[in-house]
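Visitor: Could you have a look at this structure, given as structure tokens, before my questions?
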Amino acid sequence: MIRVELLRRDNPSRALRLLSPLIGLSLALITGAIMFSLMGKNPAAALYVYFIEPLTEAWSVHELLIKAAPLILMGAGLSICYLSNNWNIGAEGQFIMGALAGSIFPVLFTDFQNPMVLPLMFIFAVAGGALWAGIPALLKARFNTNEILVSLMLVYVAERILDYLVRGPWRNPGGMNFPESVRFHSYARVPEIMPWDGRANLGIVIAILVAIALWFMLSRTLKGFEVKVIGASPRAGRFAGFSSKGMIFFSFLVAGGCAGLAGIIEVAGASAQLRPIISPGYGFTAIIVAFLGRLNPLGAIAAGLILALTYLGGEAAQISLQISDKASRVFQGTLLLYILACDTLIHYRIRFSRKPAAKGIEQAAASSEQQPPAAERAV
Amino acid sequence: MKRRHISAIVRLTHNNAEMFQIPERASSCLDIRQPEKSFKKTSELANPACTADGETTYSFLSNWSKNRRTMQTANPDDLLTLRGLTKSFGSFKANDGVDLSIRPGEIHALLGENGAGKSTFVKMLYGALQPDAGEIFWRGKKVEIPNPAYARELGIGMVFQHFSLFEALTVAENIAVALPPKTSFKKLSTDLETVSREYGLPLKAGSHVYDLSVGQRQRIEIVRCLLQQPDLIIMDEPTSVLTPQEVEELFAVLRKLSSEGKAILYISHKLEEVRVLCERATILRHGKVVGACIPKDETASSIARMMVGSDIHQIRHEPNAAHHGEPLLSVRNLSLPARDTFGTPLREVSLDLYPGQIAGIAGIAGNGQTELFDVISGETLAPSAEDVMLFGQPVGKLGISKRRAIGAVFISEERLGQATVATMPLSENVFLTRHSVNPDLKAGPLLRRGTAKALLDKITTELDVRKSAADPAAQALSGGNLQKFIVGREVLEDPKVIIVNQPTWGVDAGSAARIRQTLIDLAANGAAILVISQDLDELFEIADTMAAIAEGNLSKFESVAKTNRNAIGLKMSGIFAAEGTHP
Amino acid sequence: MELTLAILLTIITAATPLLLAATGELVVERSGVLNLGVEGMMIMGAVGGFVMAYLTGNPLLGIAFAVLLGMAMALLFGFLVLTFATNQYATGLALTILGLGLAALIGEGFVGRAGIRPPNLYIPGISDIPFIGPLLFGRDVLFYISITLVAGVMWFLFRTRQGLTLRAIGDNHHSAHALGIKVIRYRYLAVLFGGACAGLAGAHLSLVYTPQWSENMTAGRGWIALALVVFASWRPLRVLAGAYLFGAVSIGQLHAQAIGIAIPSQALSALPYVATIIVLVIISQNRRLTMINTPASLGKSFVPDR
């Protein structure tokens, strides 16, 4: 029986810190190829359609950027949450609430048409997303309520609020009873960057700027240091004079604001109206983006582009190869699992040993003294 | 090669002659000249990184024992014989050819300072770790101990230093977990109460561990061990959680056990205890056996020299109980409810800290020390601002950063996970406590990493921090070096109020001496220092005045000259209500 | 009487999958492992159970296959979290994401097909007793399994030595390890048990509750099961009570929708989720209770030094 043993590294490996997402990605691609051949498709062709073809044409690169924008925004925001050990998994709900809050102007005040509309929509969207994220933050800070479950439950609630609004009060009166809002007027649209070339809009620029700003905050400022300290060890954070409760709010509000902004960019960009479903699971995919980017907002930019590609490639593969678009969700899931496994390599050396099973897998020293608490291991 | 060995022998004789039975050593000298192989082994053993003469001595010794081993088998009268036990973690040799034998009914001390490899050794003996090399003989038969259950089956019991208890379970459940599954639970509950009474270690089967004191918890460990009817009991630093009086009681139990024929392997770094209790001692340093002795025939300092390998730096300290000027820190009648189920409330605690003086607070862990430290540091806020006065200012409602800015520094108990973030490099750990104090560390909201690195260099030189890389993660440092870094970080700017919790817990003797001397020198320069410690020896060494804390009550401070271990010990067990500290 | 019976029957039906999944997760968490992938394991059970029953015509085979798939997912989780010491939160999320995607892919060709419901138990005489008969003695096999599981888990945790060991591991894995207890092995078994239970819960959804397959048919029930464990403060009987309480809430809102109460249907269908939040808040207020009952090593990785 071959056993896997983990040996702690004194200093986390720098090389693997950079390599681990790449290793994870390669393993996921190999798994994807196996999955495609099991489905009776030529794996090489399938991988080409998935990951290369969308990059060969201008219009589809534009589509890629449209899909990448919300993923980057939310992935960068969630990185702050996860780094500080706050488990916000409800970005999907915050995305919806941001979209709703931002849509108040084009939907309810259709006559209010001037250049002020879009900035106002952005502000409202950020506030809407942040407020929705503020609920689990408040409950965690005030009552110590589990933020994972609360933030997730609020996704279901947000979905129902959206559903109610587009089927009820916000439905387009002239829309043949379809469950959708009025189309946004031109002042309420996110401008396209190169309208002659494709649909990509300013959203991607905003997303990248926000990610850079968050990266700067994390790596250069005291606030960023605070995020990392509290995440690695809450007690060290307290000893440093940082407030854990303050950090709960900070991280949730930042991530919620980012998600809200992503929401309005999505509806005021490509789709230009509200429908019962406005996100193909961006809020959950953003969790993968955050981890693939190694919880670094700059990494989230690259990771967001890669995961946007899986959406786009999924659509393309469905059309040209009749591969179900569900396959890309499987790919996303395996990708995250591989990344997590590879992250272990940063902090541990792996040793494979072939000892008789009788000696037991885990008969070794109790490690109480020198082992730092589990919370201190970077996620 | 030969010359090196001879010089080693000479040094050995010169330094530690009294520790060894001369004839044996003499014969071994002859032995090692014989086979060419043994020379080679020696050179492998000699750690190239440490070429100090002292090190050569150890290599020689382990080689010496190896040669002896090939010529003998285990003594059939011995209960346990260990030959050449070796264990490495990566490149680090935690145990290197350790030999030891224990006779039935003997109390045998395994001495060594923190980091000498005692814990690793014990874990191999208890089956919790597997040796890379070496042999174990139990009652003359060669055995392998693949797991603790097998060790217990053989008759080896263990009392852990950091208890292996389960807080959420009852006493009986805690014991049942470690016994063979067939034992009836009901019988066990009655048995444990009988045994615990018999040995004067009263316990109730149904109590939950989280309700029990540290001393009671140790009783569970001991009773659990006794119920397994062992022939050998391993005790890992059992007295570190006991008052001097409790230590006496424990020794009585151990002597009773010994008289019943049970052997005890007593692991400690406290020399006086070993001299009082143990018949033989084996001394471990850097993972190697560096000597054996009859403790009664030695002085504490002669054993200490063996443990440490050189003369320990003598602390220079003139106790000074007279105070001058106003107190720099005062706590006034401070009461604080327990933070949570497992916490201790503070009850009307008062203290004053004067410039130029070290005040010590003794106490067994879990009696409110952490709570007191936290409320003085500002990690927890006091009920009212006047409860804590710093430089005459009420600071009870200020957070820890503000109190640091006013001029106090705090050295906390947990090195990893409180005083430092384990995975962060040291330079980033400099920011941890200094970000709000040292203006050079920040430019607006931005961090100045260059300044932090420069500070790290300064700390490294001033306190002689030994590290493997320029800026390693905190977890990569040994306990002693990390503690020197932590102390250095706090005292760099010559603070006037210093609060320390367990300054040298788990730290090697050299680092401990350095840290203690640093504190003494700071006090001499006018700092007011509060040292909270479990280690009475340490407090008597450095404190000017002393008090004890028990269940959240703090006794009055007394001049060190006017008190003694027994008096403090009584106070540690809570017997000081009559003195009138609390009206 | 008829209406009461109908309502009670639907409550039992709604509560059973929650009870199954939560009982499994309770054992997992008692061992100190937090598996946030219940939703993913559950939906794999749902699709596996449905497809196997559909293809073979045998619902019992469907249930068995659901258990198998649930355990396979759990094994994957265990391998990462226990052998590779990955972060338990993130790994659980990944398992859910993977499960939802994989189930959607597997079930794609089966959407809208009619499922095969396992027969209800029928004991002549006893099942005919009015009210009590159909309520308690005429149910599907998974109902009986769920009740047996609760009793079995209670017995195991509090009456057996292995159960004691499992609780000890959940309380302090370092201590357990020092005593020579095989921490990782116990945890693997607990995680696998949790997977089997989640698989059963999924099978109940796609074979009993609504005998058909639709994407995302678990609709957050895996997460509610996780909340139930917290709500029950890790006690099996309280899980039972909680599951039936939640069953009642979700059935209550369905009946309210059917009657046509003048509240938007979306508000009613959001009720179970809002109720979960409220319950979590109420429970978390009692810190002493939470502190004493929460397995102390919950969610923490364990890597023995060598």
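Each Cβ is built from the backbone N, Cα and C atoms, and glycine gets one as well.
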Visitor: Pick from A:95-112, A:275-292: which range does TrEMBL record as transmembrane segment?
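Guide: The listed stretch tagged transmembrane segment in TrEMBL is A:95-112.
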Visitor: When you look at the transmembrane segment (A:118-139) alongside the transmembrane segment (A:327-346), do they share 3+ Cβ pairs under 8 Å, ignoring any pair fewer than 6 residues apart in sequence?
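Guide: Touching, no - the transmembrane segment (A:327-346) and the transmembrane segment (A:118-139) miss the threshold of 3 or more Cβ pairs under 8 Å.
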Visitor: Counting CB pairs under 8 Å, which listed stretch among A:21-40, A:118-139, A:200-218, A:247-265 touches the transmembrane segment (A:64-83) the most?
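Guide: Highest pair count goes to A:200-218.
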Visitor: Among A:21-40, A:95-112, A:118-139, A:200-218, A:300-321, which stretch has the most Cβ pairs under 8 Å to the transmembrane segment (A:247-265)?
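Guide: Comparing A:21-40, A:95-112, A:118-139, A:200-218, A:300-321 against the transmembrane segment (A:247-265), the winner is A:118-139.
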Visitor: Per the 3+ Cβ pairs under 8 Å rule, pairs at least 6 apart in sequence, do the transmembrane segment (A:118-139) and the transmembrane segment (A:95-112) touch?
Guide: yes
Visitor: At a C-beta cut-off of under 8 Å, are there same-chain residues at least 6 beyond the transmembrane segment (A:95-112) that contact it? List them, or none.
Guide: 70, 74, 120-122, 124-129, 131-132, 155, 158-159, 161-162, 165, 170, 181-182, 184-185, 188, 256-257, 259-264, 266-268, 274, 278-279, 282-283
Visitor: In the same chain, who gets a Cβ under 8 Å from the transmembrane segment (A:200-218) while lying at least 6 residues past its ends?
Guide: 61-63, 65-66, 68-70, 72-73, 76-77, 79-80, 83, 189-194, 224, 227-228, 254, 258, 261-262, 265-266, 269-270, 296-298, 300-301, 304
